[in-house]
Amino acid sequence: MEDVLEPEKKRTRGLGTVTKFAISHHRAPVGTTVPQTQGQAAAPKVPKKTGPRCSTAVASVLKNQKAAPAAPAQKPGTTAAPPKLGGKKPSKRPGWDLKGQLSDLNAELKCYRERTQTLDQENQQLRDQLREAQQQATALGAERRTLEGELARVRAQAEQGQQELGNLSARVLELEERLGTQEGLVQELQKEQLGLQAERRELTTRLEEQERRLQTSEAALSGSQAEVASLRQEAAAQATLLAERGERLHGLEMERRRLHNQLQELKGNIRVFCRVRPVLPGEPTPPPGFLLFPSGPAGPSDPPTHVSVLRCDERRGTLSGAPAPPTRHDFSFDRVFPPGSGQDEVFEEIAMLVQSALDGYPVCIFAYGQTGSGKTFTMEGGPAGDPQAEGLIPRALRHLFSIAQELSGQGWTYSFVASYVEIYNETVRDLLATGTRKGQGGECEIRRAGPGSEELTVTNARYVPVSCEKEVETLLLLARQNRAVARTAQNERSSRSHSVFQLQISGEHAGRGVQCAAPLNLVDLAGSERLDPGLALGPGERERLRETQAINSSLSTLGLVIMALSNKESHVPYRNSKLTYLLQNSLGGSAKMLMFVNISPLEENVSESLNSLRFASKVNQCVIGTAQANRK
Ligand code: ADP
Ligand code: MG
């Protein structure tokens, strides 16, 4: 019994080893779980010993069963090794105990069978375990893949997170920078806010002050409003009154013009003033009583209107041979200015006449007399820069400008255009020429301003608008320069020509639609002296004679025109000279005329003085019909 049980014990003890063997023996291909490496040589040793032993034992039993009779002498020591399961047991049975041996073999077989069964069970278990393990492996593989996928996803997320982190860091930096800027700005704004707060406080204080003042003002205003209302009423009343007064003023102005004109007419539309210049330094003093200025009917306070010339004629003698007594020649004019009379005094007398031009009456003022008698002095004045010596032209213009200024307050607007020409030997020359034309006196012609127009104009002459004294001064200076350029050694051309200063005056009262226009002419005539016909005539004198004849002719034409106008003749010989042709619109019916007869105080000029006085007396006797204002 002990021997039978021994293999069981061994089997139980070596189950693990046997199990390993069984697996390796039957399931060699499952090398993955039980590798057949040299290192595991210990495991296979058991089956090698056990396996062959079982089979050998069986074989030997079978062999023994068949060959036993043939080899009964075989030594126990030389027989095949008995199976180790039984230990040394088989060797203990005597050879003849076949039954025992058979039972041993049966027992061993039974043991093997059991073992096989156990191994099969174990095998089945292992297979199940293997399947389970495989299933687990599959599951783990799947789990691994899932995890790998998740890992990849997590990695991707991590990368994205990293990138986002980078972006966020950049953004943080940017924001920090902006924060810095904003902080600076905030500080600035805070500073500004402080400033503004201070300003606000100040303004509040001021506002309060203003409000206080406003309240005071409002109180004053309400008081004033009542006052304003009453003042408005008053103003309205005043405006009505003003309009009425304006109306009346205009009526009065028109009445003044009418009366002024009437006065001028009473004084005569053609007037003659005699002016005797003083004896100049270096000139011989005339004998006492040579020129006398008898007082007027009202005594010495009356302005003189008479002049007497005492003439001693040496050629006339008495029968006794004694020199004939001087002949007294008396002349009477509208006014006589003795040598001491100033320019202002003379102008005062013509100021009213000049003003007639503003009222729309053409005015013509002449200076007649021999060369050196004071014509230019009277018209233009003495040396420049001496205001006392200022002549009629600058004085008349200044007067007109100031009256026009006064009349502008009544709604009148005036404009003035000046021209200044010279008529020499029946040719017209512009005294206001400038540039290359200066002193050349390019061809100027007197023409009608337009077809059917009565107005005359000088072609190629400058017509300069003037509005102040300074402009007039400039023009007079230019005229002087032009005359100086034309002066020749042979003769003083200016004294041999007529200088005509024309001022076109235009006035308008827009409110009443009234217009007026008239020329003011200030004419410095050529010297009226005649050549002594008894003198021997050289070539120069002959030329001079022709020139003088031209002058005399134009002067006598002027006289004839005045006579014809005075006698209301149907034909007035305006065309006989350039001078009368140019002045035709300023002479005659609708015009006012004044002639200065300038006289030299010297005895040597007595003959010419008498000629001038006689000519002027004739003019003085002329009465030209009632003047008509050029009004529309
Ligand atoms: P006209 O033009 O007639 O030839 P001017 O006017 O040239 O004569 O006068 C000749 C000179 O007499 C000039 O030197 C001028 O200054 C002087 N003269 C003329 N009239 C007066 C006057 N009223 N008072 C002072 N000097 C005068
Ligand atoms: Mg002169």
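Placed from the backbone N, Cα and C atoms, the Cβ positions cover glycine too.
Annotated features, as they stand in TrEMBL:
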COMPBIAS  65-84  compositional bias 'Low complexity'
COILED    102-269  coiled coil
DOMAIN    269-622  domain 'Kinesin motor'
BINDING   Gly369, Gln370, Thr371, Gly372, Ser373, Gly374, Lys375, Thr376  ATP binding site
Let me make sure I understand the structure: which of the binding-site residues listed (Gly369, Gly372) has the fewest other Cβ atoms within 10 A of its Cβ? Gly372
Output the one of Gln370, Thr371, Ser373, Thr376 that, of all these binding-site residues, has the highest number of other Cβ atoms within 10 Å of its Cβ. Ser373
Shell of the ATP site beyond Gly369, Gln370, Thr371, Gly372, Ser373, Gly374, Lys375, Thr376, same chain only (C-beta within 8 angstroms of their C-beta centre): Arg277, Ala367, Ser495, Gly527, Asn598, Ser600
When a 10 Å sphere is centred on the Cβ of Lys375 (ATP binding site), how many other Cβ atoms does it contain? 29
Checking the binding-site residues Gly372, Gly374, Lys375, Thr376 against ligand 2, those whose Cβ falls under 6 Å of one of its atoms come out as Lys375, Thr376
In sequence order, which same-chain residues at least six apart have a C-beta under 8 angstroms from Gly374 (ATP binding site)? Arg275, Arg277, Asn598, Ser600
